[in-house]
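TrEMBL has this to say about the protein:
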type     : residues : note
TRANSMEM : 51-69    : transmembrane segment
TRANSMEM : 81-99    : transmembrane segment
TRANSMEM : 111-131  : transmembrane segment
TRANSMEM : 138-158  : transmembrane segment
TRANSMEM : 170-193  : transmembrane segment
TRANSMEM : 205-222  : transmembrane segment
TRANSMEM : 228-246  : transmembrane segment
TRANSMEM : 267-288  : transmembrane segment
TRANSMEM : 294-315  : transmembrane segment
TRANSMEM : 410-428  : transmembrane segment
Amino acid sequence: MTGTVLAPARSTAVSKKVLFLLLLVPMFLGGVDSTLFNSIAYDLPVLTDSWRLWFIDGYTIALASCVVLGSRLGARLGPGVTLATGLFVFALAGASPALLDSATMWTGSRFVQGFGYALIVSSVASVIGGLPETSERTLGYSLWITTYAIGAGAGPLIGRAFVGMDAYTMLFWLPAAVALVCGVLATALLRGITLGQASSTKVDVASSALAFVGFGLFVAGLQSHGAAFGRLLATVAGCLVLAVFCTRQLRSHDPLIDVRMLSFSRLGAPSLALVVSSASYTGSVFLFSAEADSLLSIVPVSVLALWVSLGGFAFHKLQARFTAVHILQVSLATCAVGLIVAAFGGLWPASFLIGLGVGVSMASGDAYLLGSVPPKDVARAAALQETALAVGAALGVAGFGGIFAATGSVVGTAVITAVIIAVVVAALRCNRGVFKA
């Protein structure tokens, strides 16, 4: 079955409290995972050299390439089924490293776990988006963002605490156990949930595979390990595969990602801002955790999530007074300044500036991306938004990690990445006339 169908209305006796609990606990796990291994990658004994980057990026590469596929599976099977399936995959793959002693196997399990989380996040988005009342949907999205931010802030603290106790294997067992319990409950309680709005059920596995391979090769080229010629070949091959993916999407009547929206004069600019802001966040967590050796020293990294949340709140106060392009420029410039402060000043003020800049730019990019399209294109814009954030998360670790591996210097890495962000700000300034909404 392909195309668009109207699914029957959602019918379930599950109370809203139970429903939100089953949706938000996995979001907390995802928030923890987004910063947990970024912050302790150098303390995991099995991982060496580029395996540290692949262990983190394998998860986000799979997430970026499969999140839209997950929403299509949810539309066909029901979001309750895909949520439970994603939780079981997340749990089994997440626990695997505790039983394995190979960097290759650890990394492979992270790719599988990323696919599981893609099913989870797409299912949660579908269920919340399908709630009948606007107030319920608003509450659901607010709780989602808050829960994820709390998890992201707790990730570095949890990681450093268990590493300090020499109990790092519990970092695999505990999230897996929570996900397994949630999976059982979701199977029992949410199987009957269906979507009450038009949903595409076209499952394009080939396109997802092309995105996965292409993005994986491109990320491999960014990492500063191995021969330079080999990395160059990986980058070129990745670009070619992604070009094939884009061509396939252009020819499709129901694409996974509507690349027609990516012209800079439409949604390309805010999408770029989302990628850069997401990369700034995950890359900063990875970089500033490299020299942290105690629970106290990781606290400035942990509170990054708090400042990101504050930035999201600040955007809602700023959007009525300033244009989208000015907000994006200033917020990304704030990230760049924060990186310079981290290089030559202190981590506490740098954490505040980076977090505030990331939070405002993410909220601004989201608002423009989803608010400047007609209702019929909101679903496609949302797919673009989710993919941009996941792509940025992977590029942040690969880019910051690759530069750090090449320079061996936190200061040098911070300065170089600040310059890259400044170039993006200049591109937005030169094209500020493209923002119409």
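Just so it is clear, glycine is given a Cβ too, placed from its N, Cα and C backbone atoms.
Counting Cβ pairs under 8 Å to the transmembrane segment (51-69), the top-ranked stretch among 170-193, 205-222, 228-246, 294-315, 410-428 is 205-222.
Sequence-distant contacts of the transmembrane segment (205-222) (same chain, six or more residues past either end, CB-CB distance under 8 Å): 57, 61-62, 64-66, 68-69, 231-242, 244-245, 248-249, 252, 255-257, 391, 394-395, 398-399, 402. With a cut-off of 8 Å between Cβ atoms, the residues of this chain six or more beyond the transmembrane segment (294-315) that come close are 31, 35, 39, 145-146, 149-150, 152-157, 159-161, 164, 281, 284-285, 288, 327, 331, 347-348, 350-352, 354-364, 367. Long-range neighbours of the transmembrane segment (267-288) within the same chain, counting only residues 6 or more positions beyond its ends whose Cβ lies under 8 Å from a Cβ of the stretch, are 34-35, 38-39, 41, 56, 60, 156, 261, 300-301, 304, 308, 324-325, 328, 331-332, 335, 338-339, 342, 347, 350-351, 354-355, 357-358, 361-362, 364-366, 368-369, 372-373, 381, 384-385, 388-397, 399-401, 404, 410, 413-414, 417, 421, 424, 427-428, 431, 434-435. Within its own chain, the transmembrane segment (410-428) has Cβ neighbours under 8 Å at 269, 272-273, 276, 280, 283, 287-288, 290-291, 325, 328-329, 332-333, 335-337, 339-340, 342-344, 399-400, 403-404, counting only residues six or more beyond its boundaries.
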